[in-house]
Amino acid sequence: MAMSKRNNAGLVRLTLIAGAVVALLHNGTSFAGSSVDAGAADNEPASTRQNDESTAKRKNYNLDLLPQQPSDLIYLTTVTEPDSLYLKLTFDRASLPAGGYVQISNGASQDVATYRAEDLLTGPVTVRGDTAVIRTVLPRLRVLGELHLSHVDYGKPAVNASVRALIGNDERRQRACYVGTDMYRYSLPAVVAMGSGSGSVVGNGRYLLTNQHVTLGVAGKTESRGIELNYFRNSCDTTSEPNDPLRIRTDRIVAIGDGGSTDYSLVSLNDFDVQHAHTKELFGSARIRPLGDNALGDEIYIPQYGNGGLMPQVIGDLFEGKHAAVTSVGTTIKYNADTQSGSSGSPVLSRATNEIIALHYAGSDSANYGVRLTTLHKNVLPFIERENDNIVGEGNVKSVALVIPPFVLGKSVGTIASGAIVAPFPDVRMTHHGAYSEALLDSQDELTLDLGAVRYQLYFQGPAGAHDLSSQAVAGDELFIRLVPPATPSTTLSTSLAWLPLKVTDARGTLLENLIVRVENSEYDPFTVPFDASSPDVTRLSFDIANAKKDYMLDSRFDGEQYGYVALYPGEGPAQLVGSTTEPYASIQLPLKNQMGRAEVVRLRGYRATACSRRAMQSTIGCASGEYSTLRLEYLAADNPNLSAGTYDGFLPLQAQRSSATSRKILAEVHLKVASDALPVANVGESARTVVASSVEQTYALDGTGSRDPADEKLTYKWRVASGSFGIRNADQAKAQAVVPKNATGEGVYELTVTNESGKTAKATVKVTAVAPQVTISGGTQQVKDNEQASYSANANFDGATYSWKLSSAAGKQAATGSGAQWKTPVGLDAGTYTVSLDARNGAGDRSASAQQKLTVERTVALPGPEANAGADRTVVATNDTGFAYPLVGSASRDPNGQAITYQWRVVSGPFTLRNGDRADAEAIVPKGTTGTGVFELKVTNAAGKTATATTKVTAIAPAVTLTGSTTVTGSGAASYKANANFEEATYSWTLTDTSGQQVVSGSGADWNLSADVKNGNYTLKVLASSVKGQRSATATLALKVERAVAPKPVEAKISGPVEIRAGTTIELSGAQSVNPNGTPTTYLWTVPPQLGSNAETPSVRLTAPANATVGAQYTIKLSVYDTQNKLSSTASYTVTVKAGETPAGPAYPAYKAGTEYKAGELVLNYGQLYQCKPFPYAGWCSQAPPAYEPGKGWAWTDAWIKK
């Protein structure tokens, strides 16, 4: 096989193949794509092909996507390079305020990627197709931000292109060609990585394994570009359409190499996506072979995505019809399986075990290259060792991506086969409601990553109507999904992500497909204008639809450009421009709301007309006649057959665009009236109400606000007195007042008439009855014993009543009184008959009433005496300035008969005194400086003269303080101590003294630290606790010993040995006399000039002077000695001079000299070694490029020379 050379230098380049485009190298830099050069591995030259399936081009945009003074919420930019296979957008400046974000899509699908500003600076954003829609969202009007599009790389189909990095013929096949094999099953975790390379899911589904040059970041950095699963054809036919990919987000770079032999990167995947999209269950996870190494002849296969992820998955497993295999093992490995640009990061799988045994990173037409298994063992496997299983996914996945607007409008998920059953995965909660099913899904904010929940309705819609998912699909059914709007709509623009995993089975339960729906929730208030509507650069249109049963049209001409028109809010209309479209109009779904806040979604049609044609509003096809276009909005009654009656208002924010740099803002204000023949409904609430007469005139609410109109037309109100002598106020308001004169009783009937805007009326009446104030006593006539109580309840028929009770004997003598709605008579009444009298009166004094009841009391046995309670014993701390008083609590004493009791305290024993001894709560007086125990007695007496006693103790103790902490300090940091006094409001002072009594340090506070700079020795730590309250104080001491480690001593490097060396001889230098006084392990590092030998890590080193060494030449040798335990080092230098050697017996060979023309078989000396130039075709390299081919030194010298 012929070797290819470049620039006549004999250098061979190995091209990394992450990008979709092979860049032509010019002056060592890449103009487009992501190709990078690396040295050939294991001394074998490699070559590359410079063609691909697409031709790389670049367009410099240098475009600011935000003005210097932004005034809007949304900025929409469309970038188009017609007929391109892909676009790569490079942003070089991006800064948005908190809450701002950027959404990028190709406009043709619902798969929208959301980015923070900083995410856009990590690398290019890849979009499939020829159009990218960039939607920049700011959190509020008039906030500063910056977003600058530097350039766009794009690829167009190449003519007669061939695929590089192929070994001979391209023997790769579609994944579907391997169905039924292990290669088919174990290739499922292979993914498109970061939009520009390949990779595989590892770590039990939680990580991405790919190349360093695919991620281009650092460990710990967020990697936001994501991966795509399921992107392959389900047929061997290469013209069949591939699956829509399932995109999940990446998180952070966990481990990353430096390229070349360490060209690896391990990136964690977004846990929310992995869990809720069930990617581990459906796609499985690849396993890195945990043991062993690569071996020659190992049979392999490589699942990969060519052309930077534009090509669906193929598998390379053959070379010239035989199983592909490992062909070389060195720092990296080589193999002969076919790959293509864009396959960088692909897993190299063992055909025998289906485990990852290498990581593909570069290719040529002679060999392909992978990161060696031992490199993955060392650098990747430690992070996933406990979750490194080979998991086979269930597969059979259909992926659907949707953007759901915040208003109620169903979006189609797709057609479902007749008889199929659709059910959620077990982790999704779903209920069925006849016409629809409802699912509550977890969601994640795409900016803050905060978790939430969102509710959706799912339903089948077909010729037979709508039904929920509890029944089978019928012929023609489509599955629809719509958002259940939250109770509180979002007031800011934001976006969140949810996953809806569904299983589609037949009636027997056989799986037809796993349907995974990626739902992007676009959260915004559709009734908030996304720009300053009063700005002079806004064109305002008024579209008045006076009768929803008729058709209406609005035309508005815009001069200066042949504009196309797009909607600013997602879901309301087209989001991107197109050159031409076969669709005659664009569908617009616009939420409107009535005065009651109820929303309806109205369907409009959008057109764009020029002098040449009329097409859908987003079209930009040109016309030679006139620089203008006309926007037409059309309302057709046939498009809106089921609108609820009412009057609705809303607006459609649009942007007129001609190019990425030219746009105009349009606000179309829409007014819609849906008429109704239904009558309004008058509602007065309760049909009758009763009020209580007052001594002053009173008003009472008449409430007609419950009246409504089915068409939500505005109502007028008219009240009147239909009968009775009462009056009325505010008769023309929804809420009127009935007027009842003072002390009036009787009935009044009020009539309400409501009239809608169409002149239709309805009536309702309410009756108001006024009654006199009344109060009742519940309980009736009672008979009790003299040791019992009678219980009564009061109830007045007016609000705000207070109650007064009086108990009188038969002779009229007052026996007891009380108040409140509930009352009990006292115990111990004399036997006889009593009258219970009740008076009720409100606070204003305008309503009052009274009632009476009889009570009979009978004599019974003697009543029990009172119960004394002197409270619990207590302990206090003695004071030093004055005596203190402490409460003695007897208020818990009681008389079970309800009689009043009196209190008397006395000192039984002890050194204390008493104050307020005749009260329920007395005080014990403890003199200053006094300790001991005092006993106090409480005596209680009831009205009948019966008594009871109880005692309590008060104990006074001396002030004290405790000191806690270690008595020995050995560590290098501070030691902590704590003091705790037994009295309140204590302050603390600390002193540390040495054995001579000299104070070393001091401090304050309950917690104290012994600083690290206190010298070793014995000390006494003392703490004094004191309090102003009671002049209390106490001390505590602690014997303390400080024993800290001593700092290590420096090491010293010393060299001994000859100072001269003869040409062609060897001497030995020793570092054994070097000093390490710390007794720790010592390591050595010799730095030796290459003319005398190699560096060494031994106590001594041998030096050899070549036979042709220059006499008198001096060489400096260095020895570095390390105390690694204490991180100490020392370096010494030593000079050796070359002396003349003996004349060699054999023939003399010339020294190698750069620039000399060498022929095959010639011998040269270099660095004391003899080298022979290889035969043709390698001999040409012997004279080329010393950095690569200087014998014994160049990075590829073994390609040209043989060491003798």
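Note: Cβ is positioned from N, Cα and C throughout, glycine not excepted.
Curation does not apply to TrEMBL; its annotations are automatic.
Listed ranges 35-57, 219-241, 334-356; the one TrEMBL annotates as region 'Disordered' is 35-57. A contact links the domain 'PKD/Chitinase' (1052-1141) to the domain 'Chitin-binding type-3' (1149-1200), because at least 3 Cβ pairs that are 6 or more residues apart lie under 8 A. On the 0 to 100 pLDDT scale, the model's mean across the domain 'PKD/Chitinase' (681-773) is 91. Mapped onto three states, the DSSP output places His213 (active site, charge relay system) in helix. Neighbour counts of Cβ atoms within 10 Å were compared for the active-site residues Asp263, Ser344, and the top value is held by Ser344. Of the recorded residues, Asp263 (active site, charge relay system) and Ser344 (active site, charge relay system) place their C-alpha atoms 10 Å from one another. The Cβ neighbour count for His213 (active site, charge relay system), using a 10 Å radius and every protein chain shown, is 25. Reduced to three states, the DSSP call for Ser344 (active site, charge relay system) is coil.
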